[in-house]
Amino acid sequence: MAAALALVAGVLSGAVLPLWSALPQYKKKITDRCFHHSECYSGCCLMDLDSGGAFCAPRARITMICLPQTKGATNIICPCRMGLTCISKDLMCSRRCHMI
């Protein structure tokens, strides 16, 4: 009985069910305004330095500049698309998406 009450309390508090924005059909499209990378279908909420906000952007393609992961809510540079790895082949150059 206690387990059932804990489950109901978790559902009511939103701890058990995922947020609506986490479901793919509710994710934002490219160019939509965002506050967190998890809101975007691409997984990249890029900072817009001109307007001070952020927008959903596509992930980096092969040989494009990238950052391997997001440490905060928004990205400075988007991570690579699926199947690509964000690495630097030269210590003097920035990271880019490569197939490995």
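Placed from the backbone N, Cα and C atoms, the Cβ positions cover glycine too.
Quick caveat, the model's predicted, so the values are computed rather than measured.
Noted in Swiss-Prot for the protein shown:
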- Cys34-Cys45: disulfide bond (DISULFID)
- Cys40-Cys56: disulfide bond (DISULFID)
- Cys44-Cys78: disulfide bond (DISULFID)
- Cys66-Cys86: disulfide bond (DISULFID)
- Cys80-Cys97: disulfide bond (DISULFID)
- 1-21: signal peptide (SIGNAL)
Cys86 (disulfide bond) versus Cys97 (disulfide bond) - Cα distance in angstrom: 5
Have a look around Cys45 (disulfide bond) and count the other CB atoms within 10 A of its CB, chains all included. 27
Reduced to three states, what secondary structure does DSSP give Cys45 (disulfide bond)? strand
Round to a whole number and give the Cα-to-Cα distance in Å for the pair Cys44 (disulfide bond) and Cys86 (disulfide bond). 14
Within 10 angstroms of Cys34 (disulfide bond), Cα basis - disulfide-bonded residues out of Cys40, Cys56, Cys78, Cys80: Cys40, Cys56
Let me check the 10 A CB neighbour count of Cys86 (disulfide bond). How many other CB atoms are there? 20
Cα-to-Cα gap, Cys45 (disulfide bond) vs Cys78 (disulfide bond), nearest whole Å: 8
How many neighbouring Cβ atoms, not counting its own, are there within 10 Å of the Cβ of Cys44 (disulfide bond)? 25
Cα-to-Cα gap, Cys78 (disulfide bond) vs Cys66 (disulfide bond), nearest whole Å: 6
Tally every other Cβ atom lying within 10 Å of the Cβ atom of Cys78 (disulfide bond). 26
Between Cys80 (disulfide bond) and Cys40 (disulfide bond), the C-alpha gap once rounded to whole angstrom: 15
